[in-house]
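Peer 1: Sharing a structure here in structure tokens format.
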């Protein structure tokens, strides 16, 4: 009997009891850590809301809340684009999906929109051109990453600089004002007095969330990102999904460009400063999701969280340098926590 | 089982395949009958995995034909094979860890809510529950993620995935390697059920008793040829074992003066709970010791402990009378130990460095004069080892990436040989190299011993152990079951001990 056991089960542990007990214990610890990270994120969010509400009387006013949403709209749309890239490219911070060109993309798209409007083009042409600009930038990223196999971190870093340069050429580093019916509508207030931009963000998030979290396409994108070998074994063309994710993030850059033109009544310089908040938002997203994976709803919540932080600091008259310091700190915290968890999961 | 014997679903004829000059398959013919469980056995390097990769469309054969259901395949792609109803259950379970069971099962063919582009999650969950219950009597919570499942459950999910495509043939590649007994039993029941449902199963395994218990017919591969195909009703595990072993390679091994000298390495009651227990041994100068044991027997873990890659809980390791130490690789190297790891491509060589750089990397201090590398000495040592090991390369400056796997392996061995250590720990030194290279490696090991080094060889090639070593330590379930003198050892007795089917273990149990 013993002999047979040994033959059939090559991996029978020498002391089965001990072997089994160790992973079980560390599993429980892992679950606790995950729950802590998630619960902690929501607790921190609630705490931040509470502190700002107590320390600033206007924080909870409908006007201010609407303002937070409007402010978050631009970085939120970009962060959602970035999240799709991260989902399809995998969460590895170095080799996984990332699109650093998004903020520059938004800047160029806004500049394209503003320039065309100033040149007397109708809204449809200007908006179409802004979206097309974003899409082309996404296509360049897609080709660099899938065709030439450059890691996204480097490919999009290079594209970021090219796009930033193009924006300088186009605008001569000046502000291009634009006042068009589309921009006026977007920057105005919609139903319930909530800014239209806020509806834009929520609408965009909703459509993307449905596509990513409720369709076969979305499930496949998730599979491609989290385990490309498994996706390939399921007959999925991995590179096409990755390329598609960059096209989508490019398009979100174009959309954010229009939003930004609306919010700032034209195109301004310094779009690159938005990169850090966008990356923070996307990386923070997983702690607001159930499985601790990047998700659109998680990123939306995280966009609001970052928006609340920035708004609250403004209300409390804290310097903006402090804000970017805190954002950097958040990146370090979240990335190290999730990386450690992943390493434990093996 | 009532199908007539002439009903062949897969026919391979005269399949040949070489990799970088090394012949992996030299004429394999195989006929697999519909509705049977067909075993495929052979020692490491016999050609099993190459054959399966050819069938899966991952490699193209150099010669020979593959016929499936009477249809001759000209260009074999993974997709073509799958569309003919042949599915592979790979050793590494290809499932997305963050997915639920339903998502993992239906990835790539997701059900939608009628008339919408949206996933029908409820249907996915319901059907996942249904099929898992129907095929395997397994019920998993809807919310269970792949990462939360046991190895066996993951395997079941993967098999179920394949079953959803209504396959004609399922190929299992070493499916029990990571399962415990209860899980393996479940798998066997399941495979019998598949056969009752008319599915043909190809079953690849090292474990002969699995083959005996499960298969209708078995094909034995040896040195890239099919040496026999037998009905299990007409053969036995011991006959199969005999067929697996090549009995005509005695003169592969160099004759060596066997005169062990002073003790070099003494291990006293080394224990690591859950891995191995109370292992003691002494290695002398000029001696070649063999270690053998199945996966999980503790032999590999023990060897890795000697070099400090794993830690022991108790016991001591002493080198040449120096103070015992808890080894770390740095200290082990300082005490003139060298380890050639099994997974050389991952741990042993740097693919983007040249043959020369790889060879001298671990022993640069030998080639350094006044802080600078002495290129002439480095180059002549590399050339010497290239010739000595007959490494097939364009020259010492060729990048390792350009060499075949077997030749990369030789370079990995050369790297440690050029260190001139006292104690060599070799983990499966000849896996994946062709027979000519094996002979070179054997000669080299013999030479090391003759020059006064001590060598410990862990190998699953029984002939190699008997031909090469002075003594063989047999690991079984974490202990040294016994030590045999190589001169008197036989392959059959070793095989029986290693697999636990010998009389001794039966009594011990």
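Including glycine, each Cβ sits where the backbone N, Cα and C put it.
A TrEMBL annotation is a machine prediction, not a hand-curated record.
Annotations for this protein, taken from TrEMBL, read as follows:
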type	residues	note
TRANSMEM	A:35-56	transmembrane segment
TRANSMEM	A:68-88	transmembrane segment
TRANSMEM	A:125-144	transmembrane segment
TRANSMEM	A:151-172	transmembrane segment
TRANSMEM	A:192-212	transmembrane segment
TRANSMEM	A:241-264	transmembrane segment
TRANSMEM	A:270-289	transmembrane segment
TRANSMEM	A:296-316	transmembrane segment
TRANSMEM	A:322-341	transmembrane segment
Peer 1: Please work out whether the transmembrane segment (A:151-172) lies in contact with the transmembrane segment (A:296-316), by counting C-beta pairs under 8 angstroms that are 6 or more apart in sequence and asking whether there are at least 3.
Peer 2: no
Peer 1: Do at least three C-beta pairs under 8 angstroms join the transmembrane segment (A:35-56) to the transmembrane segment (A:192-212), pairs 6 or more apart in sequence?
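Peer 2: No, the transmembrane segment (A:35-56) and the transmembrane segment (A:192-212) are not in contact.
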Peer 1: For the transmembrane segment (A:192-212), I need the partner stretch with the highest count of C-beta pairs below 8 angstroms, choosing only from A:125-144, A:241-264, A:322-341.
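Peer 2: Checked against A:125-144, A:241-264, A:322-341; highest Cβ contact count belongs to A:241-264.
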Peer 1: Using a Cβ distance cut-off of under 8 Å, indicate which of A:68-88, A:241-264, A:296-316, A:322-341 has the most pairs with the transmembrane segment (A:125-144).
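Peer 2: Answer, by Cβ pair count: A:241-264.
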Peer 1: Could you pull out which residues elsewhere in the chain have a CB under 8 Å from any CB of the transmembrane segment (A:296-316), counting only those six or more residues past its ends?
Peer 2: 45, 48-49, 51-52, 55-56, 58-59, 64, 67-69, 71-72, 75-76, 79-80, 82-84, 201-202, 205, 208-209, 212-213, 277, 280-282, 284-289, 322-323, 326-327
Peer 1: Against which stretches of its own chain does the transmembrane segment (A:68-88) lie, if we need a Cβ under 8 Å and a gap of at least six residues from its ends?
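Peer 2: That would be 96-99, 102-103, 106, 152, 187, 194-195, 197-198, 200-202, 204-205, 208, 212, 221-222, 224-225, 241-242, 244-246, 248-253, 255-256, 259-260, 263, 274, 277-279, 281-282, 285, 293-296, 298-300, 302-304, 306-308, 310-311.
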